[in-house]
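If you check TrEMBL, you get these features:
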COMPBIAS  1-11  compositional bias 'Basic and acidic residues'
REGION    1-23  region 'Disordered'
TRANSMEM  33-53  transmembrane segment
TRANSMEM  65-82  transmembrane segment
TRANSMEM  103-121  transmembrane segment
TRANSMEM  141-158  transmembrane segment
TRANSMEM  179-199  transmembrane segment
TRANSMEM  227-245  transmembrane segment
REGION    249-274  region 'Disordered'
COMPBIAS  259-269  compositional bias 'Acidic residues'
TRANSMEM  295-315  transmembrane segment
TRANSMEM  345-368  transmembrane segment
TRANSMEM  380-399  transmembrane segment
TRANSMEM  425-450  transmembrane segment
TRANSMEM  462-483  transmembrane segment
TRANSMEM  495-515  transmembrane segment
Amino acid sequence: MESGVRKEDKPPPSSFNLPQLPPSVKPGPLRKIIMVASIAAGVQFGWALQLSLLTPYVQLLGIPHTWAAFIWLCGPISGMLVQPVVGYHSDRCTSRFGRRRPFIAAGAAFVTIAVFLIGYAADIGHLSGDSLTKTAKPRAIAVFVVGFWILDVANNMLQGPCRAFLADLSGTNQKKTRTSNAFFSFFMAVGNVLGYAAGSYTHLYKIFPFSRTKACDVYCANLKSCFFISIALLLTLTILALSYVREKPWSPEGSPGEGGDEEEEEEATGEAKESVPAPFFGEIFAALKNLQRPMWILLLVTCLNWVAWFPFLLFDTDWMGREVYGGDSSGSADQLKMYDRGVRAGALGLMLNSVVLGVTSLGVEALARGVGGVKRLWGIVNFVLAICLAMTVLITKLAQSNRRYTTVNGGTHLLTPPPGIKAGALALFAVMGIPQAITYSIPFALASIFSNTSGAGQGLSLGVLNLSIVIPQMLVSVASGPWDALFGGGNPPAFVVGAVAAAVSGILALTMLPSPTPDIPSNKRAVSIAFL
């Protein structure tokens, strides 16, 4: 800005009308945003493998059930600690490679190490003295647990800086911020589809014949093979993205670096800014203490939204096997067979869900325009989520009342549910891909937009938002079992709580969540500033 033009006056921030900051950097081109967002496909490929293959692998290693709950809690615990820490330091990183790229590269490297530890846990345990004849393999279990915790920490190291990098590339352009998060959600869906497809192919190990060993049976070898592909995909996407999209080094004195390598520094004033780093926990406390009302409401809506989501995400295939198909994972051979068939049907449902998730992600911007804004869209789909979760109770009751049996050689055997009930359950999985696409994009876009008016950087703001995701996950993981037991067991009681939480989240999104100030075209902004 020329010296004769005085600085644009900024009104004090209101709780519901956020001031729009003048653009300090040019937003990066869409092709760079897509390249960075594509890393999500590699990350989510690994997550899909965790969901579809690791539980049986855990049983193969002989991990006690009491340990299993502890292992699966490492995801939310690492997310609660790692993302804010990484976000804080990535906001202040002065590396010559940029602020976000070093953390993304380190996260990908740690994922590679973790996957090798998990895949070769049985082999390492056998070489260390585990007996092949015993069910429990303590040394293999120790290697697996270490690898699993490293994997979750590394995934959190990747996702936080990736989303912050997308926010940097989007600058203060709200449309690009929403678009970048929509592409991130789309590539998550792509990773899901690829991961579920790889996990369902039982002969993948034949591509890597060396993966089958004395300590590693066919199932274990198939898991190894899937992880090899996962590593190759993640490293390829990460190397391509980080090589193509570069950052300018950042310094506390105010050098540019929020966007890509094509960004130009635009000094609004000649005032020198000094940055005095605060201790990390002091910064977190200050970030929470000084959050404006819009961010607090966003955290509340996000928290309730994930209270609704986690019961279904944790127990969706179990619901198919237990309530819809009438099986039992610890019952008779006939019940176990039916449970397995239900779980496989649930895996098909997850595939359909991922396809709808990907398609919807590409249309988030159009959907938001059609309903009158992103907050209205989020509120509407939360009601869709509430209806879907409530429908699980109806499908469960219909499946129970239409349970069919056949008699063979004097024995009674359970049959699969009627085609209409199976189709209804699969349709439910598919429809839930619509609210899931919004959940994976809109909250993160709003956090990036809101953080443009706060003192915290993008990394720290997204790390704080992540707290409203992992805390509900821990709550659901710990409380869902006792809650279901109060009603005689089964999954529907937790789903009903999720439906109520989704409805409340929708109401708050529609009535209390503020809408960001619309983007002002740059030519209009220049005219308005010139006449001040």
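Just so you know, the numbers here start at 1 and follow the chain as drawn.
Cβ coordinates come from backbone N, Cα and C, glycine included.
Here the structure is a predicted model, which means the values were calculated and not measured.
The transmembrane segment (179-199) shares more Cβ pairs under 8 Å with 33-53 than with any other stretch in the list 33-53, 227-245, 295-315, 462-483. With pairs at least 6 apart in sequence, the transmembrane segment (425-450) and the transmembrane segment (345-368) have 3 or more Cβ pairs within the 8 Å limit; the two touch. Packing against the transmembrane segment (462-483) from elsewhere in the chain are residues 69, 72-73, 75-77, 79-80, 83-88, 156, 160, 163-164, 167, 284, 287-288, 291, 295, 298-300, 302-304, 306-307, 310-311, 314-315, 443-444, 447-448, 451, 456, 493-494, 497: each is 6 or more residues past its ends and has a CB under 8 Å from a CB in it.
Under the criterion of 3 or more C-beta pairs below 8 Å, with sequence separation of 6 or more, the transmembrane segment (295-315) and the transmembrane segment (495-515) qualify as touching. Same-chain neighbours of the transmembrane segment (103-121): 39, 42-43, 46, 54, 61, 86, 89-90, 93, 97, 140-141, 143-144, 146-148, 150-151, 153-158, 160-162, 165, 211, 216, 223-224, 227-228, 230-231, 234-235, 238, 241-242, counting only residues six or more beyond its ends whose CB sits under 8 Å from a CB of the stretch. Contact count against the transmembrane segment (227-245) (Cβ pairs under 8 Å) is highest for 33-53, out of 33-53, 141-158, 380-399, 495-515. With a cut-off of 8 Å between Cβ atoms, the residues of this chain six or more beyond the transmembrane segment (141-158) that come close are 39, 43, 46-47, 50, 54, 57-58, 61-63, 67, 71, 74-75, 78-79, 82-83, 86, 103-104, 106-111, 113-118, 120-121, 124-125, 466. Residues 15-18, 293-294, 297-298, 300-301, 304-305, 307-312, 319, 373-376, 378-383, 385-387, 389-390, 392-393, 446, 483 of the same chain lie 6 or more positions beyond the ends of the transmembrane segment (495-515) yet place their CB under 8 Å from a CB of it.
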